[in-house]
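**Q** My questions will all concern the structure given below.
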Amino acid sequence: MTNLLLLLACLLLGIILQRLKGFPKDAHLVLNSFIIYVCLPALTLLYTTEIHFQRNKALPILMPYILYIGSFIFFKILAPILQLDRSTTGALTLTAGISSISFVGFPIFELLFGKEGLQVGVLMSQAGSFVVCGTLGIFTASYYSAKEVSAKKIISDIVQFPPFLSFCVALALNLSNCHFPAWSIEILQKIGSPFGILALISIGLQISFKREDLQVKPLLFGLFYKLLIAPMLIFILYILIIGEHSFIGKISVVGAALGSMNTATIIAINYGLNPKLATQMVSISIPLSLLNVGIWYLIVS
């Protein structure tokens, strides 16, 4: 509940700030750069080095990859039918394809599944959605933002993305069983801690309630995939086909039912992928997903 109130407060603060005459109009660009170059690399180093890969936890980790590939295919097929431009297609793929596991999911997982649920949530976030965002997400952003698709540019964008570089370093440390000393962990925590608040304020700075800015058709299809198709896909694969009726299957479905990841929105904005639609997706999908999670939890229970 506290996280939801904090989310709404940060979005509201961003909306208020954008209406103040003395506040810089492009402040969100500075915030986005700080998030991508400072906060995210710190968090990536912090959490990836501590991930312990276990075979029985593979399904929750794989869930974000399945959802994202599904999102890419879904909107790739839908784009010519709805006559969506590349910018809109990219924004929808990013924001509908990745769930807000850490910010929204962690308190929900702990509430519904206890301490073990929170531990699985950390794996789902750090080895799943975080990696998807920094690799497949950057691939998508580069692919849809380019006037001419270039493999060289896409690879360059991924390799030069600061959180991806941090992920490579952290993964090497993890595989070599190296760990940060306590003092450096505390430093990384403090450097990365402003991430959630800054990301939400940045999104709030770009939310527009003007009727002409509301992109109803693409927004509805984005919400349709994020809140209905995504959890349904995991429910069919994990519960009905694989038969994973334990809490591992249930938490995977609940994770898929969460709203859009704010980091994915920041990436979409940074690459100029329909920023208004990207901000609408995260600001609308997260509140709606609280009801959505309750419905899917009842279904899997």
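Each Cβ is built from the backbone N, Cα and C atoms, and glycine gets one as well.
Model, not experiment: these values are computed from the prediction.
Below are the features listed in TrEMBL for this protein:
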type     : residues : note
TRANSMEM : 29-47    : transmembrane segment
TRANSMEM : 59-79    : transmembrane segment
TRANSMEM : 91-113   : transmembrane segment
TRANSMEM : 120-146  : transmembrane segment
TRANSMEM : 158-175  : transmembrane segment
TRANSMEM : 187-207  : transmembrane segment
TRANSMEM : 219-241  : transmembrane segment
TRANSMEM : 253-271  : transmembrane segment
TRANSMEM : 277-299  : transmembrane segment
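What's the neighbourhood like for each of these?
**A** Away from its own ends, the transmembrane segment (59-79) comes close to residues 53, 86, 88-89, 92-93, 96-99, 101, 120-121, 123-124, 127-129, 131-132, 136-137, 140, 221, 225, 229-230, 233-234, 237-238, 242, 244, 248-249, 251-252, 255-256 of its chain (Cβ-Cβ under 8 Å, at least six residues beyond either end).
Residues 1-4, 7, 64, 67-68, 70-72, 74-76, 84, 120-122, 124-125, 128-130, 132-133, 137, 140-141, 144, 196, 218, 221-223, 225-226, 230, 247, 250-251, 254-265, 267-268, 273-275, 277-278, 281-282, 285-286, 289, 293, 297 of the same chain sit 6 or more residues outside the transmembrane segment (91-113) yet have a Cβ under 8 Å from a Cβ within it.
Non-local neighbours of the transmembrane segment (158-175) in the same chain are 36-37, 40-42, 44-45, 47-51, 130-131, 133-135, 138-139, 142; each lies 6+ residues outside the stretch with a CB under 8 Å from one of its CB atoms.
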**Q** Apart from its near flanks, which chain residues at least 6 from the ends of the transmembrane segment (187-207) lie with a Cβ under 8 angstroms of it?
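**A** Long-range Cβ neighbours of the transmembrane segment (187-207): 6-7, 10-15, 17-18, 27-28, 31-32, 34-35, 38-40, 42-43, 45-46, 103, 180, 262-263, 265-266, 269, 275-276, 279-280, 282-283.
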**Q** When you scan the chain for residues with a C-beta under 8 Å from the transmembrane segment (120-146), skipping those not six or more beyond its ends, what do you find?
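**A** Residues 40, 44, 47-48, 51, 53, 57, 60-65, 68-69, 72, 86-87, 89-90, 93-94, 97-99, 101-102, 105-106, 109-110, 113, 153-154, 157-158, 161, 163-164, 167, 247-248, 251-252, 255, 261, 263-264, 267-268, 270-273.
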